[in-house]
Structures are given as C-alpha cells and as structure tokens.
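Over in Swiss-Prot, the protein carries these features:
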BINDING   Cys354, Cys414, Cys417  [4Fe-4S] cluster binding site
REGION    425-448  region 'Disordered'
Amino acid sequence: MSDGTGVRGRTMAEKIWEEHVVRRADGEPDLLYIDLHLIHEVTSPQAFDGLRLAGRRVRRPDLTIATEDHNVPTTDIDKPIADPVSRTQVETLRRNCAEFGIRLHPMGDREQGIVHVIGPQLGLTQPGMTIVCGDSHTSTHGAFGALAFGIGTSEVEHVLATQTLPQYKPKTMAVTVDGTLRPGVTSKDIILALIAKIGTGGGQGHVIEYRGEAIRALSMEARMTICNMSIEAGARAGMIAPDDTTFAYLEGRPHAPKGRDWEAALEYWRSLPTDPDAVFDEEVLLDAGSLSPYVTWGTNPGQGAPLDSVVPDPATFSDPIERAAAERALAYMDLQPGTPLREIRVDTVFIGSCTNGRIEDLRAAASVLQGRKVAPGVRVLVVPGSMAVKAQAEAEGLDRIFRDAGAEWRNAGCSMCLGMNPDQLAPGQRSASTSNRNFEGRQGRGGRTHLVSPLVAAATAVAGHLAAPSDLD
C-alpha cells in the first residue's frame, strides 16, 4: 500500500537499513555502516591476525566492545584457566584489545558477562542501531528496535577495518502475537511455540518483526529472550519496535544519551516503528492465550511441543525429511514415541545463558525454588548472564534461595549453553536447559538437552522430571 503519493510505507527494518547504506550498486550487496561491534574471545583472533598482516588498524575502536564469555570458567575465576585452548583464546583477546585500543571487560570485572547481556545492560544497545557480533545470537539486541545480526570471522575483520559490512537486503516477516499469556507461560514459550510452528528454516532470509498486544505487554528482558532465538527459526534477525517500555529501560544507563541528547534520541526512536501501510513479505499469527509451557523433545529447537503432550511418533510426520530427522532425534535422545513429556527424568538443570540469564529470569526461577529442595540426584547450575546481574541477584538474596534449595551459584559466563568451557554434560546425561540450542553434543559430547523456560527449569529441578510450577502445588 502507499500513502496516496505513490510512496509505500516502510517496515522498521527497512527504515534502519536505508539509513545505514553507505554505498549501493546494481548487482552488489549494499554497504552498511555499523554502529556497534561486539567481540569475544572465540571469533575474533583470526580477524585481528588479518589486520596485522594487512597493516591495518581498527577504524573505530570507540564503537568496538569486547568481553570474555564463551570459554571462561564460572568457578575459581581468580585462578588461571585450566584448559590450554580456552586460556590461549582469552589471553589472545586481552593482547589484541590492548594493542588496538579496544575496551575490554575481562573475567571478574563487574561489567563482564555474556556479550548479549552486557550490551543492553550498559545502554550500548539502542533503537535504530546496526549491531553486529561474531555470534549467532546477536539478534538479541533487536528487542530494542535495532537491526542486529551475527557475522563470521572474515566479516569481523571487515568491520574492524572499515566499520562497514557488505550485506544483501533481507526480506521481512511479521509475527503477530495477540491475546494474553496465561500464568506460567513466558516469552520463552512464545518463541519455542513459534519455531515449532514455522520450523528451523521458516524465517530463512527474513528479518522477523514481533508485534501484537502480547509482545507489547512483555518486559525488555522477556523481549530479548524472543529476539535471541530468532536465528533458531532461520531468520537473519529479530526485532521489536521501541516504545515506552524500551525508553524506561534505557534511561539512565551508562551509555544511554543524557540531557538534550536524550530528548533528541527519543524523537528519532519514536520515528522507527513500522508505518501502518507497510507491507511484509510474510506474516505469521500466534494466539498467546492458547499457549502453554513448551519443551523440546528432539535435537533442534523446532522439535518442541507443549509440556502437556507426549513424545511424537515419527510415523505421523508426512514430510519424509522431517520424519527421518525425528527418528534420528529420538534415537539420540533415547526417547520412545508416546512417552508423556512429564515422565522424562533429568540429571541436570541449567539456568542461565544469553537467552535466560538476566535478573528477571533468576527471580522467576527463585520464586519456584524458594522453600523447596532440588530432587535427589539432580545437579542444578544457576549462572548469571553478567557479573552485574550476579551482584543484583545477591543484593536481592536470590543466591541464598538457590543455595538453600541445593543449586550451585556460579560466576558469569556462557557456561553450559555450549561445550566450550568446564560446565558440560557427561555422555548420556540429560538436562533441562534455559539456553537456546539442543543440538547433538551442544552441552557436551553425548549430552541430551531439553530447552525450557526458567519456570519449567526450576520446577523440573524440584520434581526430577520435566514439570511446570503448577505440578508442585
């Protein structure tokens, strides 16, 4: 549609994209200016080596922020890192940041944490920005109305050298979630339900904009959970239009605009939401009121179902590729079709990650664990997403609730989300995890992962099997 002048309305993604195009040429990707570049120890070393070989410097070190998160241990952080590969990567990041003048939040620093937790926490993430990081879950920052996506190591080098990035313009998808969530149903359940609905390739080539009354009702931290897992639906990025909830979260944060700059920023930010007459390439509808707690049963985030249901029978899948994938998944997960999901027992519960390691997530888990005990034989790791989140949780007494229940209270890091640090599953162990990926071996070779919300994770810790808080009453 157009406004009567022949000019079609634009989506939020289109507005931000067009405002950041540095150069455009027929048959070539657009060259985008990048407002914020986040880096960590895993995907940056080769990029810095490339700069040295070419004799280049970092063009905008002031727009580049580094943290240590993927490989860092979450215990004994005052001691040297035991794993030699992890230690080398962390030490290399420190040397590179010192050489090229990049601000680094090292292990133990109050502002250290998972890269997608500290960006918003510090007010670095702002509406209308282009944000990149050598990490799949950079889409988290889209919760603020930013265009944020993950990039590869060669692209990390390109951004370091030029503060630009060549990209082909993606398509747009609107996911509208109307209605009201029932008690015990969270933003994690929304995104797991969406991925189960459209599949892990349903958003391929698109930027997803999440809309609707259920999205508007979410806090910023809940919105970040949804945008974080956009990549698990195959999307390039996920976004939510900025509103008063966004502005209230940002105001007063260390890197947020101040004074007159704040007022000017608000004026710009309010211009970003999608125009009423804009047209999306694809549209998907979800009814929030029909959703219930979701869990995954397989080995990709799209293989999920309501907790009230049973392990599906691959024979019921009409698509032969999906049927084969389900058969392989059930063999790996050691599950039988028809088994009630609530009967699946776990060895480990992990509460943390860039998906669900923020203060609201920890409060939710603590509300379930308070006055209760972890089931015998179940190990529970609670890992805050940043050292600032850890400090806030301890100020609120959440750490005591976790410890009293029998959980382990750790320092900040990616931890058991991925098998790149000491926090891993042993072969054959099964976890309920608030993270974002349940691939084979993701949490350790031979480990089996069920993705859940913090509420379900905490209830599972008490019950010893997949459970919702209502099951404990």
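Here the Cβ of each residue, glycine as well, is placed from N, Cα and C on the backbone.
The Cβ of Cys417 ([4Fe-4S] cluster binding site) lies under 8 Å from the Cβ of Phe350, Gly352, Ser353, Cys354, Thr355, Ser433, Ser435, Asn436, Arg437, Arg442, Gln443, each of which sits 6+ residues away along the same chain. Note: Cys414 ([4Fe-4S] cluster binding site) has non-local neighbours Asp69, His70, Val72, Ile114, Ser353, Cys354, Met420, Asn421, i.e. same-chain residues 6+ apart with C-beta under 8 A of its own C-beta.
Apart from Cys354, Cys414, Cys417, the [4Fe-4S] cluster site neighbourhood in this chain, defined by C-beta within 8 angstroms of the site C-beta centre, holds Asp69, His70, Ile114, His137, Gly352, Ser353, Thr355, Gly357, Gly385, Gly413, Ser415, Leu418, Ser435, Asn436. Counting every protein chain shown, the number of other Cβ atoms lying within 10 Å of the Cβ of Cys354 ([4Fe-4S] cluster binding site) is 29. Under DSSP, Cys414 ([4Fe-4S] cluster binding site) is assigned to coil, being neither helix nor strand in the three-state scheme.
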